[in-house]
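These features come from TrEMBL:
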- D:Cys12: active site, nucleophile (ACT_SITE)
- D:Cys246, D:Cys392, D:Cys446, D:Cys449: [4Fe-4S] cluster binding site (BINDING)
- D:Ser293, D:Asp355, D:Asp356: Mg(2+) binding site (BINDING)
- D:12-230: domain 'Glutamine amidotransferase type-2' (DOMAIN)
There are 4 protein chains.
Amino acid sequence: MLAEQKGINEECGVFGIWGHDKAAELTYYGLHAMQHRGQDGAGVVVNNGNCLTSHKGLGLVNDVFKYAPFHELTGDAAVGHVRNATEGSNVYENVQPLLFQSQMKSMALAHNGNLMNTDRLRNELESQGSILQTSSDTEVLAHLIKRSGMEVNEQSIAAALNQTTGAYSFLIMTDDKMYAALDPSGIRPLSIGRIGDAYVVASESCAFDQIGATFEREVLPGELITISAHGMESTRFAIRGQRKMCAMEYVYLSRPDSNVNRVNVHASRKQMGKELAQESPADADIVIGVPDSSISAAIGFAEESGLPYEMGIIKNRYIGRTFIQPSQELREQGVKLKLAPVRGMVEGKRVVMIDDSIVRGTTSRRIVQMLKNAGAAEVHVRIASPPIEHPCWYGIDMSTYEELIAANHSLDEIRDTIGADSLAFLSESGLEQAIVRDKTIHQGICTACMTGEYPVVHDKEKALAYKKF
Amino acid sequence: MLAEQKGINEECGVFGIWGHDKAAELTYYGLHAMQHRGQDGAGVVVNNGNCLTSHKGLGLVNDVFKYAPFHELTGDAAVGHVRNATEGSNVYENVQPLLFQSQMKSMALAHNGNLMNTDRLRNELESQGSILQTSSDTEVLAHLIKRSGMEVNEQSIAAALNQTTGAYSFLIMTDDKMYAALDPSGIRPLSIGRIGDAYVVASESCAFDQIGATFEREVLPGELITISAHGMESTRFAIRGQRKMCAMEYVYLSRPDSNVNRVNVHASRKQMGKELAQESPADADIVIGVPDSSISAAIGFAEESGLPYEMGIIKNRYIGRTFIQPSQELREQGVKLKLAPVRGMVEGKRVVMIDDSIVRGTTSRRIVQMLKNAGAAEVHVRIASPPIEHPCWYGIDMSTYEELIAANHSLDEIRDTIGADSLAFLSESGLEQAIVRDKTIHQGICTACMTGEYPVVHDKEKALAYKKF
Amino acid sequence: MLAEQKGINEECGVFGIWGHDKAAELTYYGLHAMQHRGQDGAGVVVNNGNCLTSHKGLGLVNDVFKYAPFHELTGDAAVGHVRNATEGSNVYENVQPLLFQSQMKSMALAHNGNLMNTDRLRNELESQGSILQTSSDTEVLAHLIKRSGMEVNEQSIAAALNQTTGAYSFLIMTDDKMYAALDPSGIRPLSIGRIGDAYVVASESCAFDQIGATFEREVLPGELITISAHGMESTRFAIRGQRKMCAMEYVYLSRPDSNVNRVNVHASRKQMGKELAQESPADADIVIGVPDSSISAAIGFAEESGLPYEMGIIKNRYIGRTFIQPSQELREQGVKLKLAPVRGMVEGKRVVMIDDSIVRGTTSRRIVQMLKNAGAAEVHVRIASPPIEHPCWYGIDMSTYEELIAANHSLDEIRDTIGADSLAFLSESGLEQAIVRDKTIHQGICTACMTGEYPVVHDKEKALAYKKF
Amino acid sequence: MLAEQKGINEECGVFGIWGHDKAAELTYYGLHAMQHRGQDGAGVVVNNGNCLTSHKGLGLVNDVFKYAPFHELTGDAAVGHVRNATEGSNVYENVQPLLFQSQMKSMALAHNGNLMNTDRLRNELESQGSILQTSSDTEVLAHLIKRSGMEVNEQSIAAALNQTTGAYSFLIMTDDKMYAALDPSGIRPLSIGRIGDAYVVASESCAFDQIGATFEREVLPGELITISAHGMESTRFAIRGQRKMCAMEYVYLSRPDSNVNRVNVHASRKQMGKELAQESPADADIVIGVPDSSISAAIGFAEESGLPYEMGIIKNRYIGRTFIQPSQELREQGVKLKLAPVRGMVEGKRVVMIDDSIVRGTTSRRIVQMLKNAGAAEVHVRIASPPIEHPCWYGIDMSTYEELIAANHSLDEIRDTIGADSLAFLSESGLEQAIVRDKTIHQGICTACMTGEYPVVHDKEKALAYKKF
């Protein structure tokens, strides 16, 4: 099965800026703030009003930009991207933004999300004589725009987007305009900010704080924003459905200091912990969280339950991509990598261990075992989100039923598998209450991976294929 | 003034292992766990019973060992070191362990701490015809050992150590023995552990957890441990004074999961926060901590005060040594680096901001300003340790009165300087109570930098020199 | 003006191998032998019968392949390329072979030469909805093949080539075939060899010697070779004109040990020197050559004239791309770079200095000056080829009249400009006699840059454009 | 056997400059010109009149200086070194110049040659309490200077040198003086030049030409030069013996454009070729040389014999240290590395192959085989120096009788071993005549490796040891 069929563009971050003479540098800082959304590749395309210039590479933002020739990356507009690659797709060619130089109008594209019907679109394009050079959804969109009318403008972009199915945020830049588009259900996040007179667009608001920009508003479902010398204009390219922001953005994807759809992520996580403490209390001595994404929920659980919050697990801050893996022999002798238990905290204690979610169950099993080895008397696992029983079609790297422990096992089986003394998940209503606290803002969230209620319907045969593999 | 006079070896970490066929690899993992103690250089010397082989370099443990030829670093004993360099001393030559190959007996040395009388010792050695090639205290000790008797053994090491004044832990390895020594006041930490039949020695117990070793005991003040094929033996090279473990190891130096002198660091910090909440409560809405070292104290303060603990400041996890600094212009426009405020948490709130200590005051001022810019209504700064009014002679990088804001300004002046609405420090007794909870273990702690009561007396003229510059 | 209009693919080297289980490694060695043809980028695409895998990068062959994962580059067929980039085109995207993955049939292309009508072809392709992502002629051909029939086969390749005008050698590989094509005038070199049962194709025969292959024959003008499991087949895609091998391949481009169109390059150069000595003798003491490409001609001149050949100029072998340039001040003080005079040889002597050609004249002036500074009494410059008075349209990096000193100045003016005591060029007939010694092999050579007689006619408007800039 | 006993400092190059404000940069260029003398490490120590600063590293000059902070390497005096390491000694610590910082007077040392009695000297120094940290002869001298009187001055340097036995050139720099010393027999080369008012000292005169300096004179045997603000002074530290310049400097070590002891190296080599043609003519068609060091001799042979000189062997210019070695299988299939035969030149020809010397015979055998494989009808090997029958004690990497083919085999045996049709060596008198053409300059040359007549006598037991291993 080809990588693109599994949706290779998940969990990325996009950034755009228009009207600032330090466009490339601010893009660098903005990408840096969104590093957690993708650590496999990063890039920027800068626009000096005349031509588009690209700088990109594999690896972390800092590695890619360490020797970046900022003096050559001049221009007052730029788009940037951080990329999380799926297995086999981690090659330079796929690093975004993709830049298409042309004797007519050049364009750069950056994308977060997943187009579900790219197999069919690719076949059509190739049979019409197009040559696609990457396995990226973004390149498919570029070809669709080109086919939809030779010009790159609102009409051709809208026409191209309407041929796709999926969840996405797109940034598209030509020499005189920048476009930002969000899928009709608004599943992926995309916000607009201002810094002085300049416009900024980013997947997460933490990028605005990083560069000193202020939040303006969210891009709306099915909206196509055009930014140019004439300011910002808005059109709608699709019938706007109810906004269904991806729940996993709150559960673990976004940075705690970001506001996603105007809800602070840390606050929503803390609230998940509180709801969880009400729903599934535990008779225990201390509450601990699995760093980093579960700390907020653990603090909420502790506050609500009255149990003390302790630092029971430590995450090594210096582990990079180049960490030398211990041999199997050393691993068995107890050499640990990323996470270490704090023996002095957990020894002899009945521990509530808060985690954000369980996908395969393997990590949870390892952590429970680690805590027990460090002397924990009991380990009560509390998960701050409902069980994940369905694959995601919208850009999260969980694409098959097989890999999901909750799709194939009962609660008791999972508890036994991970070796916990007790196990409870947050309810769907608890999750919703923790996130959707103002119905005028939030029309709802996408919980397809938990409920199977997919806001965007898949091709029938494709859906079957998903089941199959 | 030469670097060595300012004590260049502060805040390092040492690691040794004897009797394990994966000695070099375990040293790598052990150093990795202690990466926070020194990020400027790392190295290992491995011993195959016949010769000593060195691998070292500038930078992080991972960078140094990325391409390490582990297949050549064979042997069942090793010593390792992570180094925090002072300005001007960050050169390859100073990276430890230092290895002295000889036609007679080779030796490797690793050191954490500061020898106070190296100026005089260097003059003596040079006037006797010795050539010193680094600015490292460690090399001075090697020469003293060589001068104290041609053999490297308990006698010559003890004689050499007795010529030095200061606070230190030393690991010394020859082809048939490993020695571990601690200063007579036990100011610096050094623990012994076991992994299977092998012995492990490390500055911090987190290194034991990392490799699956178990804690055995602390090295005692003035003790010289000898490990060889005949097991472990202990001698005393100096009259043992009262153990005065460095308080700053608890305040910020050590990792929260380490036990220092059998007291868990996270627990002591949380207790500091509780004591602080009792001593200096604040009329506020939320409690936040400055990541990473102040989080434990902030949670303690929150628990004790009943105020909610919130994530008010975020630390970017991906900042490395190579981070590209924003230009002054961008900095003024609000581009932030390591720390970012969580606007959604602090906006409109009266905030208690917990920090571990104040040295120069510049960081505190910046963070307070950042919180106010993010909308905090009030910022009440609470410091989880007493004011630092005296330089450290024992290996912490605070060597002059000039640089210490608390040595030169009143509490009110400091509060105004950092822009806080109120400011309070933990009392000395509060600090002591938080750390020393079992008098049978702890005879006391070194609080010289707070009280001026130096457990080890300096040369008179040198003490004056310290005052002067 | 865009880079592609100036012909960016000049002076490259292509290599292909079919039927050898060490295809990738032999390609590496073959490219290494042709390193002189391009030092800006190198790459290989290997074919395991099922899929095509690429490894490429900027820089020298060794730099690109230093960490190449040869264990992953498995397959028994491969194409490779070394690239000489023109200014502004030296980016990763342009490094060849270009690999076009497809859901249908993937293909890899490598090219040496220049297509003259790519501006028009690009416009046509883009207006039909194609997206071109590089400034490479090679990509244009890929699109033409795709447009000429959806299959990649003899017919579609022939149809594509017939839409182009220029001088070129192309290697095209799909999962089951390798194609080699040469322009109808045979301006660029391309040879076929054998190593065991395997076929090899390369720009220069020195690549065969490097890997132990034997020369089989030249690819003929307008010939399209197909190599597959069924062996080698030949078709003709264009009416074959008289073969007009580029004279500059003999003058300086090819390696002296290569046979180009069955004439040894060193031998032809030596003969040029001999012809030159007969045509334009000099009253002098010694003969010297400018390393490396003029040494053979200098030896020929010496042998014919009876003057001793001496090593009057030394080339520093260790100068790489990273050489630190001396400041202007140091340059004026005499700091030299690549070439150094041998004072002991030239001091007080009347020197015949042989060079292969003069393009701009700046290098010649510098060398003459250098020799005079080193004490040469007289410097008689003899050029082993006729004056270059016309731009090259076929892949040599001399694309404008402006840059050619001989297009704008008389012989006497050139002599004065370079500061020589006398100056003579080899005559056109002398050049032809030195190269074309067997009329049954050589129907002629392309001397367009000397004579203005272009064997392939350019678009009219394009020709004018060339004149203009 | 330890590396230092085999003389690790052979075939290095030293460079010094005093009184030029671009001292570090000129040292870089000077070292670059002498890159052929050592490719394993390079370094510079620069002197700003106050302190000495070092920059050095493993690898080529360009690699070491690529990112050199020249703006920090300020000062108007510097010493530099290029190093050729013997097996096992290629570590950073051994890279020169060695810099010994001291609270008293710092000094930097650079060395070319070999001290023969360092084993004994090291034992003495260590037994007196000294610690040696490298396996370098240079460090031994530093300790001897330190022991010979605490000051670094003419007296202590002379006293130190007089404790050593061997062949050497030393550069020693303190903050106010630079010293240059040559062994009493003047076996190694060392010249003095001027550039403006500045003094330059270098192993080879090509370094002067590179930077635009002019040759002044050779340093004399047993002479100690002192350069300071007061100009240059000369003293003699030892009774001056007859100068016996190392013959191998002419045969292959030095660059052809250098003058060694005022004799041009290219000219002497060409003369060796002429003498060889007179002594041992060959009935053949062409003369070829093994690049690079044998080309001059081959041209001389051709001129004298009347046979044409042809380019029969090509050396690949792009082979670096990182070249990927072909597997044994590929090697057997004919993949070549550094040298390639020019089939078109040698096929069917009776070839005279000139090489500069034969040490082990393995290279010669490979080249002869390569020529025969390329079709040479006969290969007549002519060596432009006498057979090497004795180890060198003075710094050339031939330290045992075992490794020398001529020490263990007759002429006929060698001829058969290398597969030549005939073989002849230049006679000793022929060599001497080619080099020593002016008896007022040259009192003689060191031909110890050919004749066994060692100008400097070794310790008796050491001499026996040499024989033994």
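A Cβ is built for glycine as well, from the same backbone N, Cα and C atoms used for every other residue.
Distribution of TrEMBL features across the structure.
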| residue | record | Cβ neighbours (10 Å) |
| --- | --- | --- |
| D:Cys12 | active site, nucleophile | 28 |
| D:Cys246 | [4Fe-4S] cluster binding site | 28 |
| D:Ser293 | Mg(2+) binding site | 21 |
| D:Asp355 | Mg(2+) binding site | 22 |
| D:Asp356 | Mg(2+) binding site | 25 |
| D:Cys392 | [4Fe-4S] cluster binding site | 22 |
| D:Cys446 | [4Fe-4S] cluster binding site | 25 |
| D:Cys449 | [4Fe-4S] cluster binding site | 28 |
Inter-residue C-alpha distance, D:Ser293 (Mg(2+) binding site) and D:Cys246 ([4Fe-4S] cluster binding site) (nearest angstrom): 16
Once D:Cys246, D:Cys392, D:Cys446, D:Cys449 are set aside, which residues in the chain still have Cβ within 8 Å of the Cβ centroid of the [4Fe-4S] cluster site? D:Ala167, D:Ile187, D:Ala247, D:Met248, D:Tyr394, D:Ile396, D:Thr447, D:Ala448
For the Mg(2+) site built from D:Ser293, D:Asp355, D:Asp356, further residues of that chain with CB within 8 A of the site's CB center: D:Val251, D:Tyr252, D:Gly289, D:Val290, D:Ser294, D:Ala297, D:Ile354, D:Ser357, D:Ile383, D:Ala384
Would you mind pulling the DSSP three-state label for D:Asp356 (Mg(2+) binding site)? coil
Given D:Asp355 (Mg(2+) binding site) and D:Cys246 ([4Fe-4S] cluster binding site), what distance in Å do their CA atoms have, once rounded to a whole number? 19
Between D:Cys246 ([4Fe-4S] cluster binding site) and D:Cys12 (active site, nucleophile), the C-alpha gap once rounded to whole angstrom: 14
According to DSSP, which of helix, strand or coil covers D:Cys446 ([4Fe-4S] cluster binding site)? strand
Using C-alpha atoms only, work out the spacing between D:Cys392 ([4Fe-4S] cluster binding site) and D:Cys12 (active site, nucleophile) and round it to an integer in Å. 15
Could you find out if DSSP has D:Cys392 ([4Fe-4S] cluster binding site) as helix, strand or coil? coil
Any idea what the Cα distance is from D:Cys449 ([4Fe-4S] cluster binding site) over to the residue listed as 'active site, nucleophile', rounded to a whole Å? 19
Give me the Cα-Cα distance between D:Cys446 ([4Fe-4S] cluster binding site) and D:Asp356 (Mg(2+) binding site), rounded to a whole Å. 17
C-alpha of the residue listed as 'active site, nucleophile' to C-alpha of D:Asp356 (Mg(2+) binding site): distance in Å? 20
Mean of the pLDDT scores, which run from 0 to 100, over the domain 'Glutamine amidotransferase type-2' (D:12-230): 92
